[in-house]
Amino acid sequence: MSDLHNESIFITGGGSGLGLALVERFIEEGAQVATLELSAAKVASLRQRFGEHILAVEGNVTCYADYQRAVDQILTRSGKLDCFIGNAGIWDHNASLVNTPAETLETGFHELFNVNVLGYLLGAKACAPALISSEGSMIFTLSNAAWYPGGGGPLYTASKHAATGLIRQLAYELAPKVRVNGVGPCGMASDLRGPQALGQSETSIMQSLTPEKIAAILPLQFFPQPADFTGPYVMLASRRNNRALSGVMINADAGLAIRGIRHVAAGLDL
């Protein structure tokens, strides 16, 4: 039996991409899974696909009341909450400082930080009492942009660096009751969109990046799928497998940190 059997897991942005892969994986692990999802169509799809195995709540991660409504439903359904996974986010399609108009930069900043940073903070606030009670955990999705430049423009990169600070501070404030960690995936097949303020709300990440382009920059030389990143979340959520980690960011970057100066990888001819 899985360590996560009957554990109550709350994931934001579970309707597509990494969020959907996390929903699938935690259901496979036997967990009771809930998600807060902005898209009504994706909520309907989740309910149709997973039936009684999913509690799908339509709502916005920038709205505390929506979080509270979701947590109330989770506690009614499961009687507890063991892990909150803040995952919903938006990207800026590498919008640069020089090429972004000042007024767009300002509105884009507020929209992107509201989702990527405030959304995590509001989720933590809504989930904290239940997680303190269960001595559970929080996990936040980061990005390779939390470590390196070039994984987005200045707005996205700054938001992911801000999220690392949030993780450390929450890990400090909530210890010893709640473990707080992060996972930073690299580029993957995803429906990740951009801010409406930048005119990117209908543009997905795969319209800006090709599988070949992503694979070429990774030392492991493959195009990651969302399911490739779910393992670290499962480990961090498990009390048996993670008793000791808090304030830790797992850099799941397919080897970006070890790219060579002369070659992406030294073993390409092996």
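Just so it is clear, glycine is given a Cβ too, placed from its N, Cα and C backbone atoms.
Copied over from Swiss-Prot, here are the features:
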- Tyr156: active site, proton acceptor (ACT_SITE)
- 10-34: NAD(+) binding site (BINDING)
- Ser143: substrate binding site (BINDING)
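Features per Swiss-Prot, on structure.
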residue	record	Cβ neighbours (10 Å)
Phe10	NAD(+) binding site	32
Gly14	NAD(+) binding site	31
Leu18	NAD(+) binding site	30
Leu22	NAD(+) binding site	29
Phe26	NAD(+) binding site	29
Gly30	NAD(+) binding site	15
Ala34	NAD(+) binding site	25
Ser143	substrate binding site	28
Tyr156	active site, proton acceptor	26
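Under DSSP, Phe10 (NAD(+) binding site) is assigned to a strand (E or B) in the three-state scheme.
Between the CA atoms of Tyr156 (active site, proton acceptor) and Phe26 (NAD(+) binding site) there is a gap of 28 Å.
According to DSSP, the residue listed as 'substrate binding site' is assigned to coil rather than to any helix or strand. Note: the Cα of Leu18 (NAD(+) binding site) and the Cα of the residue listed as 'substrate binding site' are spaced 12 Å from each other. Across the structure, the residue listed as 'substrate binding site' and Phe26 (NAD(+) binding site) place their CA atoms 21 angstrom apart.
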